[in-house]
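Accompanying notes for the structure given below.
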Amino acid sequence: MSVSSGHQLNVSAVFSPRGAARVCQLTLGCTIVSLVIHGAGYSATYGTFCMAVWTSCFTVSAVVLVLEVTRLQASLPVSWENLTVTLASLATLLSLTASIAYPAFFVRANDCPYNNCEVRNFRIAVSVCSWGACVAYGTEVFLSRAKPGRSGSYMATAPGVLKVAQIFVGCVIFAMLTDGTDFTRHAATLYCAVAFGVCLSGTVLLVALVVSGRSAALRMLRMPFERLAVIYTFAAVLLYVSAAVLWPVFCFDRKYGAPLRPQGCPRGKCSWDMKLAVAVMSFVNLALYIASSSLSIMTLMIILLDYCIHDINIEHQVLVQHFCATK
């Protein structure tokens, strides 16, 4: 790149397929926030969460697009491709959650015609735009995958996307744990909380290594990132298996907890509901870790196979050269 071209704007950041996806994200994000402020409205914890998701995703998309247009991302000490894919994957999951939560709590069929139909229509429009934003973020992740002749970023692969999903589900589990589950009541449920925390911290550390561009440095310690990922995911599967078994036993068995939902337990503030949600999400994350472990093992086997084929080719060439020399 010449000196003069370094000061030019990166037009392809807007007119490329990924740039078009980011422009759609900004357009839909701005539309959602405007509709909510103008007439749809929000309230309570769920509404605040949805509004925080939409504004955060819009802000991140704007920052990413500005950095790429001005070429300032090259000065950041991170792996930009991995960072943007990670943010897009997280935004996809957050937008999906908000797209489900907002209409579930704020769009009701009986709001019209007895109440103001305009508010309901605004909320329906917000829900539709939120689903559109979710698709736009998912499209960016899809477009970031590896293509023939071009190596893609690790976070755009299936194991990378699964790690983002594991972090998201782990955060959801911890949010539920702190919402009246009383997990410190039994030593077993406290162990489950520790297991969830260890797995969440380990996954965040792996993603941070990739995003910061430090994963390649592990080879100097004779521990390639692929091998570390296999070891960690296998250990995480064992921890989640034990937690997924112990949590339902000590929360819903008659000896330790309540097998049925208590009558009169208020909706949204019931400890039993939170415990059930933690049990369900623990099995969801267990499935994600099993899938990630399987893919990591396959990736490591492919890498080892490539090394073996490469070594065999080198040995074959040496033998041929030696044979020719003896002739």
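Including glycine, each Cβ sits where the backbone N, Cα and C put it.
TrEMBL entries are annotated by machine, without manual review.
TrEMBL has this to say about the protein:
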- 13-149: domain 'MARVEL' (DOMAIN)
- 154-301: domain 'MARVEL' (DOMAIN)
- 20-40: transmembrane segment (TRANSMEM)
- 46-70: transmembrane segment (TRANSMEM)
- 82-102: transmembrane segment (TRANSMEM)
- 122-143: transmembrane segment (TRANSMEM)
- 155-176: transmembrane segment (TRANSMEM)
- 188-211: transmembrane segment (TRANSMEM)
- 231-250: transmembrane segment (TRANSMEM)
- 276-305: transmembrane segment (TRANSMEM)
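Counting residues per DSSP class in helix, strand and coil order gives 114 helix, 1 strand, 22 coil for the domain 'MARVEL' (13-149).
Within its own chain, the transmembrane segment (46-70) is flanked in space by residues 9-11, 13-14, 19, 22-23, 25-26, 29-30, 32-33, 36, 76, 84, 87, 91, 94-95, 97-98, 101-102, 105-106, 130, 133, 137, which lie at least six positions past its ends and keep a Cβ under 8 Å from the stretch. Listed as Cβ neighbours of the transmembrane segment (20-40) (distance under 8 Å, sequence separation of 6 or more from its ends, same chain) are residues 14, 51, 54-55, 57-58, 61-62, 64-65, 91, 106, 118-119, 122-123, 125-126, 129-130, 132-133, 136-137, 139-140, 143. DSSP labels the residues of the domain 'MARVEL' (154-301) in these numbers: 114 helix, 0 strand, 34 coil. When each of 82-102, 122-143, 231-250, 276-305 is checked for Cβ pairs under 8 Å to the transmembrane segment (155-176), 276-305 comes out on top.
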